[in-house]
Structures are given as C-alpha cells and as structure tokens.
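Visitor: Structure provided below as structure tokens; questions to follow.
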There are 4 protein chains.
Amino acid sequence: MCSRSMASKTPVGFIGLGNMGNPMAKNLMKHGYPLIIYDVFPDACKEFQEAGEQCLGFSLEILLLCAKSLGHVRHFCVVSSPADVAEKADRIITMLPTSINAIEAYSGANGILKKVKKGSLLIDSSTIDPAVSKELAKEVEKMGAVFMDAPVSGGVGAARSGNLTFMVGGVEDEFAAAKELLGCMGSNVVYCGAVGTGQAAKICNNMLLAISMIGTAEAMNLGIRLGLDPKLLAKILNMSSGRCWSSDTYNPVPGVMDGVPSANNYQGGFGTTLMAKDLGLAQDSATSTKSPILLGSLAHQIYRVMCAKGYAKKDFSAVFQFLREEESF
Amino acid sequence: MCSRSMASKTPVGFIGLGNMGNPMAKNLMKHGYPLIIYDVFPDACKEFQEAGEQCLGFSLEILLLCAKSLGHVRHFCVVSSPADVAEKADRIITMLPTSINAIEAYSGANGILKKVKKGSLLIDSSTIDPAVSKELAKEVEKMGAVFMDAPVSGGVGAARSGNLTFMVGGVEDEFAAAKELLGCMGSNVVYCGAVGTGQAAKICNNMLLAISMIGTAEAMNLGIRLGLDPKLLAKILNMSSGRCWSSDTYNPVPGVMDGVPSANNYQGGFGTTLMAKDLGLAQDSATSTKSPILLGSLAHQIYRVMCAKGYAKKDFSAVFQFLREEESF
Amino acid sequence: MCSRSMASKTPVGFIGLGNMGNPMAKNLMKHGYPLIIYDVFPDACKEFQEAGEQCLGFSLEILLLCAKSLGHVRHFCVVSSPADVAEKADRIITMLPTSINAIEAYSGANGILKKVKKGSLLIDSSTIDPAVSKELAKEVEKMGAVFMDAPVSGGVGAARSGNLTFMVGGVEDEFAAAKELLGCMGSNVVYCGAVGTGQAAKICNNMLLAISMIGTAEAMNLGIRLGLDPKLLAKILNMSSGRCWSSDTYNPVPGVMDGVPSANNYQGGFGTTLMAKDLGLAQDSATSTKSPILLGSLAHQIYRVMCAKGYAKKDFSAVFQFLREEESF
Amino acid sequence: MCSRSMASKTPVGFIGLGNMGNPMAKNLMKHGYPLIIYDVFPDACKEFQEAGEQCLGFSLEILLLCAKSLGHVRHFCVVSSPADVAEKADRIITMLPTSINAIEAYSGANGILKKVKKGSLLIDSSTIDPAVSKELAKEVEKMGAVFMDAPVSGGVGAARSGNLTFMVGGVEDEFAAAKELLGCMGSNVVYCGAVGTGQAAKICNNMLLAISMIGTAEAMNLGIRLGLDPKLLAKILNMSSGRCWSSDTYNPVPGVMDGVPSANNYQGGFGTTLMAKDLGLAQDSATSTKSPILLGSLAHQIYRVMCAKGYAKKDFSAVFQFLREEESF
C-alpha cells in the first residue's frame with residue numbers, strides 16, 4: 001500500500017495534531033512522508049521533535065533533498081497557517097474537532113483555500129456534519145482541487161498502532177490516491193460513495209453503537225437485578241440474537257471482560273463527550289433529511305444528561321454506571 | 001443426550017400444542033418418548049395423528065407396552081385436562097402463550113397441581129413474567145415436585161429442526177434431567193441459575209434484540225437518506241462497532257440479505273405482536289425491580305404503535321418500513 | 001355534605017394511618033364520626049391520642065353511646081386487624097401505599113373480608129393498579145358488600161386542610177353514601193364511572209402531570225441557555241399554548257414562584273419516588289391494555305433514573321435540577 | 001398603539017406574503033401604512049389587488065402623495081426584489097418559511113442588505129433558528145441598521161383577526177418602534193430580551209406545547225381504554241394538576257370540545273409538518289447549547305414519524321388518532 005520508493009515521496013500537509021492527529025501524522029512520517037504540519041496550538045507540534053527531525057529555516061527544496069538523501073530519516077516542517085501548508089504540499093490531511101474548526105481551516109482568512117494549488121488532494125478526517133463536507137467540497141472544487149471526507153473509527157490506540165478504519169467519500173477516481181496515504185494510518189480504508197458519505201457512514205455507525213451500548217447496559221442491569229450472573233448473562237446474549245459489539249467486545253459491566261474501559265473504572269476509551277458530539281451530528285443530519293430516529297435521539301439526550309451529571313470524561317460505556325442505583329443514598 | 005434405550009423411556013406430558021409446542025412435542029416423540037398431550041383447543045392435538053400412532057382407549061400400561069414392544073413406532077395419548085396429564089406422566093413440559101394460561105394450567109381447577117405426583121419434574125417453556133415463574137415454583141414445591149422455567153429462543157423454524165435454545169432456571173441438581181428432554185428439542189440448553197432466571201435471560205435478550213433492531217433500522221434509513229448504498233452501509237456497520245445480530249444476520253432492509261423476512265415483505269419470522277408481548281414482560285420486570293430501561297421502554301412503545309398501525313402480523317424487522325416515508329401521501 | 005346530626009353517626013373504620021391517612025382520619029373524626037382504626041405499625045395510631053378520646057376496653061355499644069351522649073367529643077378505638085375493623089364498622093376507608101398492602105388488608109389472613117358484614121361500604125383511597133381494584137371489588141361483592149375505589153389528588157397539605165380531590169369509581173347508586181364520608185376529607189368528590197375508573201382517572205392525571213412537568217423543565221432550561229430570563233419565559237409560556245399547571249402553578253425553576261418546592265430546594269411536595277410509583281401503575285395499565293404511551297414511558301424511566309441518582313426524596317419538580325449542567329465538574 | 005395620524009405614515013416593506021404574511025400585511029395596510037411588497041412567487045402579491053389600490057408605475061413620491069391625500073385608501077406597491085423593498089422603505093417586515101429563505105432575503109444577491117438605508121428597522125417574523133437571527137443581526141448592524149426577531153404565535157385565524165402574539169428580541173430602545181407596527185397585526189407584543197430571544201421564546205413554547213399535546217393524547221387514550229368517558233376525563237384533568245392548554249383549550253379527542261380541529265377531522269389548525277419544523281429548531285438549539293431535551297426530542301421524532309405516515313397535513317392534535325388502535329386491521 002505504501003510501496004513507492006521513499007525517494008519519490010513528496011511532502012504531505014497535516015493540519016490538526018491533537019490526540020488523534022498526532023499519532024496519525026507520526027505514522028505517515030514513519031512511512032517516509034516528509035510532513036508540513038500546523039496546529040492552532042503551537043505546542044501541539046512540539047512533541048514531534050522527538051519523533052522526527054525538524055527542518056528549521058530550511059526551504060522546501062532542502063526538505064525534499066533531505067528526504068531523498070537520507071531516506072530512512074523522518075522529516076517534518078512546522079508552518080504557521082493552513083494557507084502555508086497548502087503552499088508547500090499538494091496533499092493535505094486535516095484532523096479537527098468540529099465543523100467550525102474545519103470551516104476555519106479551509107475557508108478562513110489564512111485557510112487552505114487561500115493558497116491551494118490546482119490538482120491538490122485535500123482529505124478531511126474530522127468527524128463533522130456531512131452537509132459541511134459537501135459545502136467544503138464545492139469550494140475546493142472551485143479552486144481546481146479535490147476534496148474527500150475520510151472520518152475514522154477506532155480511538156487513540158488504533159491511531160497509534162495504525163489500525164484505524166477510514167470511511168471515505170468523494171470522487172471514486174481519486175480513491176486510490178487517498179488510500180495510498182490513509183493506508184499508512186489505518187488497516188481498513190473503505191470507499192463509501194460521493195462526498196459526505198464517509199461522514200454519513202461514520203455517523204450511522206456511531207449512532208447504532210450508542211444505541212446498542214445503552215441497550216446492552218439496560219439489559220445487563222435488568223438481568224442482574226433479576227438475579228442473573230453478569231458473566232453468564234453476557235455469554236447468553238453473545239450466543240443469541242441480542243449479540244452486539246457492545247456485548248461481546250466492549251461489555252460495559254465491570255468484571256465481565258478484561259482490557260476494556262469497564263474493567264478500568266471507565267477510563268480511556270471513547271469519551272462520553274465525544275459520543276454526545278457524534279450523536280449531535282446524527283441528530284442534525286436526521287433533522288435536515290427528516291429521518292425519524294426515535295432511539296437515536298433518545299441516546300443523544302441520555303449522553304447529554306450524562307455529560308451534565310459528571311460523566312463527560314468517562315468512556316461512553318459508563319452508561320451502565322449511570323443507570324445503576326447509587327449505593328450511598 | 002437422548003441416548004438411553006427406548007425401552008426405558010417413560011411417557012412425557014406435553015401441554016400446549018400451538019405453533020411452537022406442536023413441532024417441539026413431535027421432536028420429543030421422534031426421540032422415542034411416548035407423549036401424554038393436552039391442549040385447550042382439542043383440534044390442536046388432531047394434527048398429531050399423522051405424526052404418530054394414537055393410543056385410543058388404552059391404559060397407560062398398554063401405552064408403555066407399545067413403547068417397549070414396537071420401539072421405533074411413535075406413540076401418544078390425548079387426555080382432557082392438565083390434571084390428567086399429571087396423573088399419567090411424571091415429567092411434563094408446558095408451552096403456553098401468556099402468564100395467565102400458565103397459571104391456569106398449573107393452578108387452575110383442573111390444573112397440574114391437582115394430581116401431580118411427588119418427585120415429578122415440571123418444565124415450563126412459556127415466555128412469562130419471571131415473578132410468575134417463581135410463584136408457580138413455590139406452589140409446585142409445596143406438592144413435593146420440581147419446577148423449572150425454560151423459555152426458548154428461536155422461532156417456528158428452529159422448533160421444527162430441533163435447534164431451539166433453552167434458557168433454564170431452577171435447582172441445579174435437576175438440570176441434567178431437564179436437559180435430557182430439552183436436548184431433544186434444542187441444540188443449546190443453557191443453565192441460567194435459580195428459578196426465574198431462564199425467563200430473565202430470555203427477556204433481557206429480547207429487549208436488547210428489539211433495541212438493536214430498531215437502532216439498525218434507524219441507522220440504515222438515515223444512511224440511505226444521506227446517500228449511502230444499503231448493502232455497502234450494512235457491510236461497513238458489520239465490520240465496525242455498530243455490528244449486531246440485527247445488522248449482520250437479520251438485516252431489516254429489503255435487498256441487503258437473502259433468506260430473511262425483509263427479503264420476503266416481512267412475512268414469517270418473529271411477529272411484531274410477540275415482540276411487543278416480550279417487551280411488555282421486560283417492562284413489568286423493570287418496573288417491579290425499579291430498573292431504568294430508557295431505550296427498552298421506548299422500544300416497547302414503538303412496537304405497541306406498530307401493532308396499532310397495521311404491522312401486528314409482520315416480522316419485527318418491519319420497523320424499518322414503519323420509519324420510512326410513505327410514498328403515496 | 002356532612003349534615004346529618006351527630007347523634008346518628010355510626011362508627012367508621014379507617015385502615016392505614018400514614019402521612020396521608022392520619023390527617024384524613026382526623027378530619028373524619030372532626031366531623032363527628034367515631035373511628036375504628038388500624039395500622040400495621042401500631043405507633044401510627046398513637047398520635048391519635050391527642051386528636052381525640054380513645055375508648056380503651058370499651059365495647060362498641062359504649063363507643064356509640066359516647067358518640068350519642070357527648071356529641072362534640074371525638075372518639076376512636078384502636079383494633080388489632082382489618083378483620084376487627086370490619087367486625088365493628090360497616091363503612092370502612094382504606095388508605096395504603098401499594099397494591100400488595102391493599103390486597104393484604106382486604107384478602108389477607110386477618111383481612112376485612114374475613115369478617116365483613118353484608119351491605120358494608122368499603123372505600124379504598126389507595127392509589128393502586130385499577131386491575132387490582134376490580135379484583136378486590138369482585139371479592140367484596142361475593143360477600144354481599146360494596147367496594148369503591150376513591151384515590152386522592154392533593155398532598156399532605158390538602159389532606160390536613162380537608163381539600164383533597166377524590167376520584168371515585170363504583171356503582172353509581174352508592175356514590176352518595178361514599179360522598180357523605182369523602183366530603184369530610186376533600187373539597188372535590190368526582191364520580192368517574194365503574195369500579196377502577198377512579199384509579200384510572202388518577203393515573204392518567206399523574207402521567208400527564210409528569211410529562212408536562214418534565215416538558216416544562218426542559219423548555220425552561222433550554223430557554224435559559226438561549227438567553228431568556230426565567231421569570232419572563234414563564235410569563236410568556238403562561239399566556240401562550242405551552243401553559244400548563246407545572247408552568248403556571250408549580251414552576252420547577254428556583255426564583256420564578258414563591259411557595260412551591262422549587263423555592264425551597266425541592267423539599268416537601270410530591271416526592272420523586274411517589275411519582276415513579278404512579279408512573280409504574282400507568283405503565284402497567286398501558287401494557288395490559290396495549291395502549292402506547294411514548295412520552296409516559298419515558299417520563300417513567302426519567303423518574304426511575306432520578307430515584308437511582310439521589311433525587312428520590314426531593315419533590316418531582318427537581319427534574320429541572322436533574323437536567324441542568326452541574327457546576328462542579 | 002397605531003395612533004399616529006395617517007398623513008405621517010411612511011411606507012413599510014413586507015417580504016413574504018404566504019398564508020401568514022398575506023393577512024398580516026393586509027392588517028398593516030388597514031392601519032394606513034402604504035406597503036412595498038415582495039414575494040418570490042409573484043402570484044402571492046396578486047391577491048392584494050382586491051384588498052387595496054396598487055400603485056403601478058408610480059414613483060415612491062406619488063405613493064406617498066396618495067397616502068397623504070387620500071388617507072383612508074389603502075395603497076401598496078409590488079417590487080421585484082428584497083433589495084428594491086429596502087430601497088423604498090426604511091421599515092421592513094419579513095415573514096418567511098425557513099432559515100434558508102430568511103438568509104436569502106437578507107444576504108442574497110438581491111437581498112435587503114444590498115440597498116438597506118442606515119437607520120432602517122428590519123423585523124423578521126419568521127420562525128427560524130435563533131443562531132441565524134443573531135447572525136443576521138450582526139450583518140444588519142454592520143450596515144448601520146437595526147434587526148429584531150419577532151416570531152408569532154397563533155395561526156392563520158389570529159393573523160386575519162389581528163390577534164397574533166409577537167415575541168420580540170432585539171435592542172430594547174427600538175422596541176417601541178417595532179411595537180407600533182406589530183401592534184397593528186397582533187394583540188400581544190412581548191419584549192423578550194436581546195436578539196434571538198424572540199425565537200427562543202417561540203421555540204420553547206412550541207416544544208412544551210408539543211410535549212403536552214402528545215401527553216394529553218396518551219393520557220386521554222389510556223383513560224378511554226381503562227373505561228373512562230372522554231368528556232369526564234377531560235373535565236377531571238382540567239380541574240387537576242394534569243391541566244394544560246392542550247387539555248382545556250384544544251383537546252385532541254373528537255367529541256370532547258367544539259370548534260377545535262379534533263371536532264373537524266383534524267383539518268385546519270397548526271399542521272403536523274409545521275410542528276415538526278419547530279421541533280427541529282428546538283432540537284438544533286438544544287444540540288448547539290448542549291441542553292438535554294429528553295421529551296422534546298422524542299416529541300420531535302413522533303411528529304417526524306407522523307409526517308412519514310400520512311399525517312403531514314393534519315393538525316398536530318391528530319397525534320391522538322396516530323396512537324389509537326386502527327380498526328380495520
């Protein structure tokens with residue numbers, strides 16, 4: 001997938017070096033791509049210094065030369081705006097927290113579109129409203145460049161190990177080019193259809209995930225109160241029609257499985273705040289397409305209440321804890 | 001599991017020969033157990049005449065003699081009340097539609113308890129309120145007999161092919177005896193714990209099933225409206241964290257899978273009415289144990305509305321159809 | 001309403017002297033009815049000693065004599081079982097916390113039905129499942145007596161001031177006799193129809209109350225977050241189509257109204273646990289009649305979660321607090 | 001309220017002459033304001049010819065002259081874009097169906113902002129997202145003009161009779177000037193606070209209305225199934241804590257009240273589609289402010305399903321019909 005000789009690798013832009021973007025960018029660098037990086041918080045770029053060799057004050061030519069001559073050395077260059085990234089790289093990946101950040105990075109005063117080159121490939125891995133993705137795609141197209149949405153599933157762990165799943169929307173002809181880069185960061189790169197369908201697939205998956213997680217928590221809690229042993233109940237569900245990822249891979253009840261957040265006081269994993277955000281996107285999409293999502297909406301509201309009641313930073317499987325009777329009352 | 005020689009098989013009682021009970025009883029008979037059968041609707045027993053040889057007017061001794069001498073011939077005897085079943089058999093299976101029917105069969109004027117023999121094993125495979133199961137168990141115990149609840153999962157097809165799953169609650173010492181019989185009708189016989197836990201496991205599974213089915217229908221419908229191809233979306237969900245039995249084995253969207261009710265206008269399968277009934281049991285159990293079931297309650301109500309709006313006899317995956325925009329308005 | 005001369009007043013039985021029953025019974029006594037009282041907790045009867053003159057060791061005849069000769073003196077007699085109450089009084093009021101307690105008081109080993117006299121009038125003011133009311137009515141009728149359900153609305157304050165509302169179900173011919181007694185304890189006595197309809201009316205009212213209270217809390221909270229002043233928003237709602245008892249008489253937002261639980265840290269009023277109980281009854285009735293209650297079920301679950309999260313003893317308007325962002329996270 | 005002498009009345013712009021805008025504009029004209037009108041559908045303006053005297057080909061000066069000289073004659077002038085309205089009038093009312101239409105009317109290629117005069121007062125009576133109102137207000141302010149949001153409650157009937165309620169958001173100093181105009185079209189003009197709070201009040205009211213309407217429908221349906229007479233149940237609710245506008249003024253059960261949509265097969269009134277739209281706005285506002293709206297979200301989804309199932313054009317009280325068991329299945 002990343003089989004081209006290193007010597008031919010031109011720099012790739014990477015905007016947004018947060019918890020997810022940081023390990024993703026490093027994986028790209030490990031595969032030999034020199035990076036042009038930017039983050040609104042300059043500190044976010046500092047961490048790169050231990051992961052690669054920063055080219056300070058070097059021109060792009062020197063960066064490329066470095067890449068050619070040294071081969072195995074990892075290089076990156078920090079610049080001061082998305083526009084500067086676009087000036088130096090014709091393939092750019094963005095990984096940002098919200099629709100607003102993505103709009104700013106593309107269409108802002110110093111955004112990518114200010115200096116994007118014709119024919120550039122812009123891949124947005126943020127999870128945002130598919131309607132915003134389509135809007136950005138139109139603006140990018142006007143500049144003669146190509147936009148693809150490629151949100152990820154899998155958390156920080158998968159980002160580090162390069163095992164993310166990318167769901168990609170955009171013109172099919174450009175999918176191969178996108179896959180060359182995304183394949184360095186993920187083990188699964190799925191083409192979903194026209195621009196926005198990557199987001200759509202992500203949103204639908206996470207809505208179903210939230211629903212089945214809450215459902216699993218409710219069923220486990222009810223069963224326990226009815227006298228069932230949690231491990232046995234999980235085993236029965238997992239060989240029956242109630243089986244789902246939340247019951248068989250990420251069970252929310254402490255003591256049922258090892259190596260999941262419920263085994264570690266719901267630390268790590270996929271935060272309740274993030275789930276609430278994704279459910280907000282699902283809600284927005286459902287409202288604008290007039291699609292009824294009875295359980296999806298309720299799941300959204302449950303995670304909103306959890307955020308308000310002190311569960312914001314816990315893994316989303318903490319809904320089991322939220323539903324349980326508190327002992328100290 | 002059913003390996004004892006036929007000669008040693010004493011008659012087994014079977015009460016309730018409806019859509020499920022009928023094929024279950026026949027499977028028991030195929031394994032060489034002479035049956036003493038009863039149903040409130042006498043016609044329900046008629047169908048047995050083609051499946052075995054009815055012993056009319058014969059005494060129990062003759063029935064047993066038949067069983068011994070003929071071996072491979074299947075015998076059954078129709079009696080006129082649950083009490084009569086209890087008089088002639090010390091192992092009885094009941095398969096009835098509601099809690100009320102079960103109470104009548106056990107504690108009614110001509111119920112099992114009127115003539116049950118000490119040491120009898122009474123197995124109730126009806127899906128009923130676990131609180132009722134516990135109540136029946138107490139009454140049975142007073143008579144010196146043993147009660148186990150053993151509701152099934154899997155529909156008419158699994159009943160016919162002997163592939164049901166039994167979830168069994170009751171005294172663990174008696175489980176082997178129950179399994180001898182249940183193993184003739186199902187491929188999976190799971191011990192769940194004390195009396196009532198079989199029902200509890202069944203109810204919890206079906207509640208989670210309903211939730212994930214509605215969730216799958218919502219996610220698929222939303223994705224389609226956002227421009228995704230249904231087959232592709234199902235594939236993505238099934239390799240991601242949204243995966244569940246309803247998405248990967250029983251997908252509710254026509255055209256995604258073959259051999260499921262959605263491929264056949266939602267005919268066959270597990271009816272919406274039955275799902276509404278099971279969710280009513282989940283609701284009752286949750287109310288009496290004060291367990292919050294936010295999504296479970298809403299799923300219950302959705303199936304109630306579906307029953308009121310003409311979906312009563314369709315498979316429960318028809319919730320996808322219920323959520324879709326109707327075209328003719 | 002209570003216009004008969006005192007001399008003619010025969011004793012009335014009163015079973016259940018809890019927070020509600022106690023002031024209710026006292027009001028009856030104030031209207032000149034000698035009482036035969038019973039409570040499973042003997043201490044509950046002790047408080048009566050300051051409210052009236054206890055007849056210890058006197059026979060019923062003496063009690064009646066007292067009533068006749070003294071007129072204005074308030075008399076009561078404590079007995080040791082519901083059966084004993086039924087022996088001494090042919091009009092009995094029961095005020096008990098749950099269906100199980102009511103069944104015990106009527107049909108238990110020392111229940112009313114053991115010694116009820118023909119022609120007695122038995123009025124149950126407990127809030128219980130209407131199906132249980134109907135069942136009790138049947139049993140009472142078999143003994144030649146009359147049963148009416150007459151649950152109340154209005155809390156402890158209304159019980160003290162004699163301003164309860166009674167919703168009465170039963171044979172219409174007996175309504176006048178029931179009203180004679182109930183009118184001493186409430187300012188509103190409404191005939192609702194056949195046995196069980198009193199409960200039905202109570203349950204329907206409280207379900208709608210819970211829904212509109214949560215709705216008011218959500219609307220007020222959303223409006224406040226959108227920048228509206230709470231008092232002004234309440235005023236606007238109350239002159240518009242969003243107006244409801246929860247918005248104009250019992251507003252859940254601190255600072256909007258005086259003299260309501262929200263003005264006093266949600267103390268007093270109608271407890272969250274009691275609301276959860278009534279919603280459980282609504283749920284049971286809806287399940288058994290197959291009536292969809294989408295919002296009613298969700299309201300039920302919300303109050304269940306609140307009970308589990310430490311709001312059990314607060315007034316049910318504390319749902320506003322439950323939905324708010326906590327400040328200390 | 002509209003007490004200035006007619007001679008002093010300068011023309012008022014009115015954009016959006018749909019079902020609501022049309023009678024509103026006519027009421028303004030009846031109060032002596034010459035109108036400059038525009039609608040994207042030219043036919044919408046034609047109906048005005050019978051209501052007033054159209055000034056064809058006349059200049060603004062002539063229009064004003066007419067107004068002065070004729071006094072009681074009603075005048076209006078049709079122009080061909082919002083920009084043209086802004087050129088001829090310094091007070092403009094907009095009444096449009098969605099946020100998108102409002103953005104187009106203000107910021108579009110031929111929008112108001114292209115030719116708005118300094119000091120103009122622009123009042124938007126559309127029901128749209130408060131966030132959009134705030135955005136428009138900012139743009140209007142940049143041009144030196146003033147923007148207020150003033151959505152209405154009350155339907156077409158109230159628009160015709162001049163009895164609308166206006167909820168007004170904007171700078172308080174300008175409220176008197178807005179009230180002069182709005183008072184000609186409504187009997188209630190309420191100041192709500194900063195820009196956007198008019199929308200916020202409207203949205204909160206309609207969300208609570210939807211919740212209490214569905215709650216009323218559920219409670220009435222449940223009560224009827226439990227044997228209560230609908231009229232009696234309504235009476236009981238209305239004197240108890242379940243009382244709300246939907247139960248006492250707009251009861252959804254046929255036969256309970258006269259003169260409401262439920263008495264006329266749910267025709268007329270406030271359409272289910274419009275309620276679904278307003279709930280979508282409530283949802284958007286709640287999502288963006290992270291306010292949990294558990295019942296509000298579910299109410300939204302219920303109206304979405306109703307739209308999909310053939311209830312789109314019926315009054316929103318038809319939810320009672322939606323919940324009932326259909327007879328013909």
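Using N, Cα and C of the backbone, Cβ positions are placed for all residues, glycine too.
Pasting the feature list from TrEMBL:
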ACT_SITE  A:LYS202  active site
BINDING   A:10-38, A:96-97, A:ASN101, A:THR127, A:LYS277  NAD(+) binding site
DOMAIN    A:12-193  domain '6-phosphogluconate dehydrogenase NADP-binding'
DOMAIN    A:196-322  domain '3-hydroxyisobutyrate dehydrogenase-like NAD-binding'
Visitor: Please report the Cα separation of A:ALA25 (NAD(+) binding site) and A:LYS202 (active site) in Å, rounded to an integer.
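Guide: If we compare the Cα positions of A:ALA25 (NAD(+) binding site) and A:LYS202 (active site), the gap is 21 Å.
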Visitor: Over the domain '3-hydroxyisobutyrate dehydrogenase-like NAD-binding' (A:196-322), what does the predicted model average in pLDDT?
Guide: 96
Visitor: Using a Cβ cut-off under 8 Å and a sequence separation of 6 or more, which residues in the same chain sit near A:MET20 (NAD(+) binding site)?
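Guide: In sequence order, A:MET95, A:VAL152, A:GLY155, A:VAL156, A:ALA159 meet the Cβ cut-off.
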Visitor: Out of A:THR10, A:ILE15, A:LEU35, the binding-site residues in the record, which is closest to A:LYS202 (active site) when you go by Cα distance?
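Guide: Among A:THR10, A:ILE15, A:LEU35, A:ILE15.
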Visitor: Over all shown protein chains, what is the count of other CB atoms within 10 A of the CB belonging to A:PRO97 (NAD(+) binding site)?
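Guide: Counting Cβ neighbours of A:PRO97 (NAD(+) binding site) within 10 Å gives 17.
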Visitor: Could you tell me which three-state DSSP class the residue listed as 'active site' falls into?
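Guide: Reduced to three states, the DSSP call for the residue listed as 'active site' is helix.
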Visitor: Could you say whether, by DSSP, A:MET20 (NAD(+) binding site) belongs to a helix, a strand or a coil region?
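Guide: In three-state terms, A:MET20 (NAD(+) binding site) counts as coil.
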Visitor: Using DSSP with the three-state reduction, classify A:LYS30 (NAD(+) binding site) as helix, strand or coil.
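Guide: It is helical.
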Visitor: Going by DSSP assignments with H, G and I as helix and E and B as strand, what are the residue counts for the domain '3-hydroxyisobutyrate dehydrogenase-like NAD-binding' (A:196-322)?
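Guide: Helix, strand, coil within the domain '3-hydroxyisobutyrate dehydrogenase-like NAD-binding' (A:196-322): 86 helix, 3 strand, 38 coil.
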Visitor: Report, as a single number, how many Cβ atoms besides its own are within 10 Å of the Cβ of A:LEU35 (NAD(+) binding site).
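Guide: Result for A:LEU35 (NAD(+) binding site): 27 other Cβ atoms within 10 Å.
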